[in-house]
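Peer 1: The following block contains the structure, expressed as structure tokens.
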């Protein structure tokens, strides 16, 4: 793109004299206009360089100040005033005011016809844009050839760096180097050296779709980097970095970079969809495994053979960790965000977890945004590893991974047990005020089956089963309840109950008979015994909640 400073440096325009501060002439010029009307600012687009003879201001040049104000407000690139026709020279006060508001004023000599100057300036601008467009189309043709030949992303980035003759780096959403041009093979520092500097210096550099940064090169001299977002997902884009963009040979325009970003978006999207189809098969396998292993009286299957393509290994240690991205108030209703967040977390785990735990396989849980990690080896410091992985991701992106861990099992036929336990542990965290990064499954027995029941339903069950013994107030009923509870805990053995309560056997027998009469049922009956024990436990727990 051409600036006013560029135009004034061209030899054919050397007789144009910049009267204002030269440092303020680095402003973009998109077109040229010629006009003598005072309200011209109302009828021109932005970034226009205006040519005029100032005919209407010949008697009072100070009226040029409102014109300059209106042009400044319209974001014009500057004004060129011809002298020797209607005005002999430009009033210094007008120039001083233009300097004050950083608006370029150029003096055109009387020997330069404005009509001819207009055509010369426009021809130069149009030639520049034509050259830029031609270069961009050439780049596009070369990109198309690469796409037709289905080259890898690494090859594409390497070729793009060669085309523009400057180092190029492609980053993942969590700023890992995916590919880079071959320039880094000729230096002592890898591409990661520059990315690390960028991350350390600019905390929020990833928020802009197009930004420019300054870091240090190998000689500690200033190094400029241009950053561009490569949109594959709405919330977590990839990034294309171009080092030394000012050294890119002319006429490398933003068109070429935008086309490169577009092609990379397509390539990344295509790869993502291919991976998603493979992940779907993997998720489907996990769902079938869980369902089959939880269904009784099924014939035995060779899960290691069936799951060989999905990462299942022969081992004596199988454990499942259930991974979920914690939601904030801002993201709780954003379905698309949650899906993309889960995909990024999945990629992160795929890349980082196998480096720390061998024989792991990561599954997307079907019809959810959750992940299941199958660990097929014994890991002594599992909690520490999972915590580190979660914290490292949180430092790079606003994603908090939490893990719920099932128990360890010895055979592949028991994978479903560990999965169910891990998922149950996750469901427990939903009721917690402060959710820990790691939560392990702890068996709770039969009572846990009733944890989600309404207290009114629990009270009804306890009162119909235990009657006066459900929530006793009188001392006699309290003693009967204690005796019944102890009697059932010793499998209805009177002698053991008497010994435990330091009472005579006949006293125990009398109390149990009284309980049977009060409840109207045979306490020794297995079904009645189970209901009574359950009601005693639940009524005790509901009392604690009140």
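Including glycine, each Cβ sits where the backbone N, Cα and C put it.
Note: TrEMBL annotation is automatic and uncurated.
Reproduced below are the annotations present in TrEMBL:
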type	residues	note
DOMAIN	6-124	domain 'Purine catabolism PurC-like'
DOMAIN	300-426	domain 'CdaR GGDEF-like'
DOMAIN	480-537	domain 'PucR C-terminal helix-turn-helix'
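In the displayed structure, how are the listed features positioned relative to their neighbours?
Peer 2: Per-residue pLDDT, averaged over the domain 'Purine catabolism PurC-like' (6-124), rounds to 92.
Helix, strand and coil content of the domain 'CdaR GGDEF-like' (300-426), in residues and according to DSSP, is 58 helix, 24 strand, 45 coil.
DSSP places the residues of the domain 'PucR C-terminal helix-turn-helix' (480-537) in helix, strand and coil in these numbers: 45 helix, 0 strand, 13 coil.
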Peer 1: Could you tell me how many residues in the domain 'Purine catabolism PurC-like' (6-124) are helical, how many are strand and how many are coil under DSSP?
Peer 2: 50 helix, 21 strand, 48 coil
